[in-house]
């Protein structure tokens, strides 16, 4: 069809707007031509019509008119997809300075798999341990055990990476990395505890990398730059530690400044540092190949079978002959007291000869056989070549002052596991950058697993190649003292050892920067979630989102590790093997990996509908294997520090549970709890609970005031004191009306009840229902509250104290119907009179009694309730007294003995007293009180009838007036009325009015002539006499428990029943009426 438009200009303010009128059907559109930077219309109102206001609502969105009510609350699919397309997972809002200052149109460049995941993981995994400690680990543990260490640790990280890949591909992973994955999978408690531990581990790892940087700088690059120089040999170690403290602090300040300036510069430097690492590794493999052709010349000097530090002498000989004259060498001076041939020398030096061997014999030398097994030893043990012959000396006391190579620490297998494991802990580097990735769900699994496979291959081949190319005494020489203070791994490299030195230096710098970059963001993510209240200050940062305060905190913790100053002291902190440091960060790393595997396993086994990871190569058995390996490594490193680390995480968990913000993240623990609850409920429903397991499972019926607040909060206090958090408690109330109109009020009332429960420390569930009337609402709650086997067996409610003053009879009728309902449902009933006078949970009752008046047997509930109350601190000091009533034919002495024996078998401590109630004539007071009660009841009935008649009369007059008015309207259409009409005249109206007015007068005259019902007289007599006895014995008691009489079978005597109960409780402050549920609840048997 042809579409014709008439263009009308609207306005021209910085832009041009046109209104296009479509002549075909008269629908108006607005075409807005906006210049860049102009404000666009809101998404909720895509069409703006400035003409014909009457037609606007009619035509706007007419093609979706069927769904117009849903669109108000639910977005259109196009709107939803637009939001998803524009979604950014940079929850922390971190942007670079340049991007922040530029115009808004600049979009951030996202990284791919290689740059965003693979290279950061490689840089974090290949670090200080590879260059500074791997050769020493191979020499100490041997090739086989070192290979086992590497395989065990790499397998652990590979299995963790598989689990992490499954979690990372199950939806969008915002910034936060492992913390986000664990917290959203296992809940805020686990996430916060493990996240903080992982933060500490990452922070101390930064200290380790900085100390490694300074060790390389002062030991291998510029040893003369030391600030502290030892005058004696014994002080060299302390001087070195002081130098590392000074230079480490300066290096930390410089790195923190770089991170503070911007992550952009860290990323630029990371590429340079990683290039140096790659070149260093290539130099190692090139050096191994070169040893086959021409081994490098790095001779080492042995005295007997002991390795010597050769940086203070050039020639490995004791004496040398020059022109037929024998001269001593520098080596002679190190072991003798003078340069002369007749000088006194060390005994071992005298008995043994010196031998020079090649430190790097090469790949084909067969040295691999000697390095196959380990050589562990204590601190101070000499590094010796086992197959070299030597003559032992008698006195070895001065060996420490000689230029031998020593073990600086005690070595054992678990120590080496702990020291090596930090070298494989960089697997989270890619997931921590999830906010910067172009496609995190694809990049994280592929990049992380490929990086682990690459580094595992490098580590495994290096273990074998180091053991096959380097002499054992050189491998065990941690600092390269036997090869002229060269880095041991550098002696193998080609073309020069400096390639390794420079590469390892930049590698440590890069890893340190990565730790200082990732740790503050992790702390910021935890702080911004609000699960740890005192950490919320670290959620703030600069305007561009940089975590400034978190960076300062991280730098402070890093400084603690630097002040420790020893790489082998901090690495054990990382691996839980330090003798002086009680915390292990590698235990924290292992704990993090453990919970990543646990999260994957739980989600897989629960088969939650939302568990749909794109990464398919996972299985719950692999996750459990990874968990087992993590736990094994924790306890292999050090079982006692593993327990310490778990205790720290447990304390953080409990702190978050009690003080942290409540979060609902759809975690797997909640799903696990749901499955466990379902299983338990099914098991509970199979059989009825045994008497030994019976405890009151309460349904508390609350009354709300006009503001939807709890009218009697002390009812919740009494519930807390009775239950003490044990068993089931359902707190409920009823709103009168329809749910369509009172749905919001019901939610508000439920929140008010929950707040009151929290204030009174009542642990349980809350449920507010809306019903057409209160009676039906309470009936529905009594019938259907609970689920399966977890259903209430007792109802607790307050006594309707103002039932006599009520305008209508609904309060006491509802009460009696509730009593009948609980009786029919075989549920116990507890009614508290003067509930507002009951003690709060903060009160402490002093000396007093809880009096039980056991009139009829109710299954033992009367005796069980005081025992439960006395478990609470409010009633703990109150003593229990049990009263029972003896009739004329009863032997009161024998009854007391039997009751005492019964209480003894029940293991209850109580004072027993038998009260005798003899038959006596009915007093005139009782007769009169019964008469007054019946007269009042009859009068109320007449008043109710009169009220009903008046209402009926008003309705009839209204109908009459309406009909008369309708007759005046001749033009009114004749509509059929199916209601029954009466023909009223003036005489009929007067007659009906006089009849209604005369009937009550007749009833009032009859009140003075009526006689009380004999059954009511007897009941009143019992109530009066029993009340006299109870008041006489228990007026000063803290609480009185009474058997609650049953309601009348017919509803005609309901009001009299209320009067009987009122008389029975008259004069008592705190009363609890108890009616059993028809089953035994206490037993004498074990």
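Each Cβ is built from the backbone N, Cα and C atoms, and glycine gets one as well.
Under the heading transmembrane segment, TrEMBL lists 117-141, 147-169, 190-211, 246-263, 270-289, 409-429, 449-475, 495-513, 549-574, 580-605, 617-642. Per TrEMBL, the feature domain 'Amino acid permease/ SLC12A' maps to 117-289, 406-699. Annotated domain 'SLC12A transporter C-terminal' per TrEMBL: 713-830, 832-1086, in sequence order.
Mean pLDDT for the domain 'SLC12A transporter C-terminal' (713-830) in this predicted model: 88. No contact links the transmembrane segment (246-263) to the transmembrane segment (409-429), because fewer than 3 Cβ pairs that are 6 or more residues apart lie under 8 A.
Scored by C-beta pairs under 8 angstroms, the transmembrane segment (409-429) has its highest count with 117-141, from the stretches 117-141, 147-169, 190-211, 495-513, 617-642. It is 147-169 that, among the stretches 147-169, 190-211, 495-513, 617-642, forms the most Cβ pairs under 8 Å with the transmembrane segment (449-475). In summary, the transmembrane segment (495-513) does not lie against the transmembrane segment (147-169): fewer than three C-beta pairs, each 6 or more positions apart in sequence, are under 8 Å. Counted as Cβ pairs under 8 Å, contacts with the transmembrane segment (270-289) are highest for 117-141 among 117-141, 147-169, 190-211.
Only residues 6 or more beyond the boundaries of the transmembrane segment (147-169), in the same chain, are considered here, and those with a CB under 8 A from a CB of the stretch are 137, 141, 178, 181, 185, 413, 416-417, 420-421, 423-425, 427-428, 431, 434, 440-442, 444-445, 448-449, 452-453, 455-456, 459-460, 463-464, 590, 593, 596-597, 599-601, 603-604, 613-615, 617-618, 622-623, 625-626, 629-630, 633. Residues in the domain 'SLC12A transporter C-terminal' (713-830) partition by DSSP class (helix H, G, I; strand E, B; coil) as 57 helix, 25 strand, 36 coil.
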